[in-house]
Structures are given as C-alpha cells and as structure tokens.
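Working notes for the structure below.
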Ligand code: AMP
C-alpha cells in the first residue's frame, strides 16, 4: 500500500510517497515558489539522483500534477502508475474543536475546514487548496486530513480555558488548541517502543524544539497540556516568535511606537524570539557559534531559551505528578547537545541526569540519560510524514 503525504504551504508543497509495507520512503520532494517567478520541483527518488525541474508553476494544481508526473516518470519515477497510490494523507494545521482525530475527507469535512479558516488564516487556506488540487488530479483516491491540533483535544478544560471572560470562548472559540500534535504523538509512541513499555503506563514530557517550539505533557498516551495556545505564538521563546510575554506590552508598544495591531503581531511573530534577543539570527547554530566567541546577546538568547524549556518541563512534571521520560525532537532538540545539556543540568534536582558522551550526538535516536538517572531522557527524531501515512492507512484500510 503506497500512501502519498502532502503538506501544502501558501507557495510550497512538500511530499513523500511511502510504501507502508516496511514503511519505506519511495520518494520525497518539495515544490517551491508556486505562483512566483523561479518556481521549481526538487524530487528525490529512492536509489537515484535528486532531480530539479525548473518551470513556471502557476498554482497548486499544476504543482501536484508535476509531483505525480515525477513519481510515475520513466526516468526518475518510483511507481508505474498513479493507480498504485492507495490514498493521500494531508497535513492540516487547524481542526478547531471539530476534529479530535484524523478523518476521511468528505464534503462535510471540507465545510468544517472552511469554517476553521478564521482560526488559522495563514495555514488552513493553503491546506484546503492542496486538498482541492488533489481532488482535481486524483478524483477517485481516498484522502485523509491529519490535524496538528487533534492530538491536543484531550487537554482538560482547566488547561485550555484562558482566564478572560468566558463569553469569548463561547462567541469566538478562544481557547488553547496546541500545535505540533502529530510530532508529539509520534515521538511519544516511539518512546514507548524504545523503552519496551506500554504507552498507557508512561508519563512523558515531549519537547519539540525547532524554529517553532512547543512542549507537551502526555499521560497514558494522551495530551493533558501543551505550551502553544490559541495560536502557535504562545509558550516557549522560538526562532522568531516571542512566546509568552506580558499581554500589557502589546497596547504599550502600540502607543509608544505608533504601531497598528497587525504591525505588533508581525513583530511578535517574525522579529522576536532568539532572533529579537540576540539581534543576530534565528538559527541556533549561528547563536552557538557567536556565543562561543563571547557574544553576550547570543549567550543571553540561548540562556533565555533553555531556561524557559526547563521551566515548562518542571511545570508539566508537576501536572503529571510523575515523569518517566523527557524527549527531545525537531531541529534544535535533535541536533543541539548544548541546549539539551543546558536544559537537563537544570533538572538534576528531580533526578534527571544525562550522560555527556551519549548526549554528544546529532539527529540520532537514542537514550541519553545516565545509568543512575531516575528519568529517562531520549532523542527521538520526529517523523510527521510517517505518522500522517500511518493514520491515513488506518482510516482507508
Ligand atoms: P525545524 O524547525 O525543526 O526544522 O528546526 C530548524 C532549526 O533547527 C534551525 O533553525 C536551527 O536553529 C536548528 N538546528 C539545526 N541543526 C542544528 C545544529 N546542528 N545545532 C543547533 N541547532 C540546529
């Protein structure tokens, strides 16, 4: 059974074709600059050279047509015909309160996705466009929507309601939704497998630390709290996002800097986080290099980031009552021994201890806690595409 996984952005489309027997990636790729000059597809078939095809790609329908052509092409294809694609799994950012699980896409689902556009105005429209393009090109292939928010729909009310007038939840559905759900779920499942334990018996804190970053408390395989909120702006400091700030800073800045609401929103989303603090970069590799050379603001950004991760982990352990494993994933979580060490060294008081040699690794799945650590600490590279493919297969089987 071959499943095509699609992740559509406003001007990009990422894809993977996965053979579910053995969960093998047959091909993956990226269509970039859709609707913009210089558009191209980068296609990486298994066991063959990567190819880049540059040509005008005016919309997502054309992009998807090129993806299918690349996958079945004689020169760099991996399957013989489109009919071999059993189903398509689409990443959808926001399912609101309508979806607590992945679903087969029907007209009713499409209506609900449209309704949720106001909750994710930047992300849901391209996701919908991708689904529509797929429907046009492969009308008879079943499709599944896998939501970033769905895994967090189990969070209890006291953790998802904000302390603002309740009517705003009733009127506008303002509440914590949480994101990166597919990633948190994947690494929690994998952690149970690595530890040889039943997920039902485990309390886990998962740390998805990438350009966007969030932490989740998982009890018996179920999300009970997560750091991102109504939008992906809440919680940790991130590459360019502020994470938590005193909300009173917003009107203060609007008055002092004569900024509009949209301008402040842009500052908090695009100019803040470790980029804003360091004034150097949103990329942790640059910050680590600069800090090592003695740059104080780069060091401050790293300290601030790691400290906030540590505080969330400790708070979530308090909520869970006990923790069996802390898991690091995504770009920074998988690749930065320094950040993992800064976070874990601050958690010695609850019996977390990492082995410096085991921690000295990038992008490898492994346990990095020392023998005597009371809590297991793991690196689990995330694999959202595989999780989407698995959920798609389950639904269409
Ligand atoms: P993601 O959003 O998960 O793709 O993560 C992207 C981020 O991971 C980049 O912005 C980098 O800051 C970070 N990253 C990638 N490789 C490394 C590395 N070797 N050391 C530190 N940070 C890294």
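Note: Cβ is positioned from N, Cα and C throughout, glycine not excepted.
In the three-state DSSP classification, residue 384 (Mg(2+) binding site) falls within a helix. Neighbour count (other Cβ atoms within 10 Å of the Cβ, all protein chains): 22 for residue 384 (Mg(2+) binding site). For 7, 384, the entry in TrEMBL reads Mg(2+) binding site.
The number of other CB atoms found within 10 A of the CB of residue 211 (ATP binding site), across every protein chain shown, is 16. The ATP binding site feature in TrEMBL is assigned to 14, 208, 209, 210, 211, 212, 283, 284, 285, 331, 332, 333, 334, 335.
If you look up TrEMBL, you'll see 91 marked as substrate binding site. Packing around residue 91 (substrate binding site) is summarised by its Cβ count: 22 other Cβ atoms lie within 10 angstroms of its Cβ, all protein chains included.
Mapped onto three states, the DSSP output places residue 148 (active site, proton donor/acceptor) in coil. Residue 148 (active site, proton donor/acceptor) has a Cβ environment of 25 other Cβ atoms inside 10 Å. The active site, proton donor/acceptor annotation in TrEMBL covers 148.
For residue 180 (site 'Transition state stabilizer'), applying a Cβ distance below 8 Å and a minimum sequence separation of six or more within one chain yields 148, 208, 212, 214, 216, 228, 330. According to TrEMBL, the site 'Transition state stabilizer' annotation covers 180 (among others).
DSSP assigns residue 241 (site 'Transition state stabilizer') to coil, not to a helix or a strand. What TrEMBL records for 241 (among others) is site 'Transition state stabilizer'.
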Close in space but at least six residues away in sequence, with Cβ under 8 Å from that of residue 283 (ATP binding site), the same-chain residues are 239
Residue 285 (ATP binding site) and residue 241 (site 'Transition state stabilizer'), compared by Cα position, are separated in whole Å by 17
CB contacts under 8 angstroms to residue 334 (ATP binding site), restricted to the same chain and 6+ apart in sequence, sorted by sequence, are 328, 362, 363, 379, 381, 382
Taking only the CA atoms, the spacing between residue 241 (site 'Transition state stabilizer') and residue 384 (Mg(2+) binding site), expressed in whole angstrom, is 22
If you count the other CB atoms within 10 A of the CB of residue 332 (ATP binding site), including all protein chains displayed, you should get 28
For the binding-site residues 14, 285, the largest set of other C-beta atoms within 10 Å encircles the C-beta of 14
Taking 14, 91, 180, 211, 285, 332 as the recorded positions, the residues having C-beta under 6 A from ligand 1 are 211, 285, 332
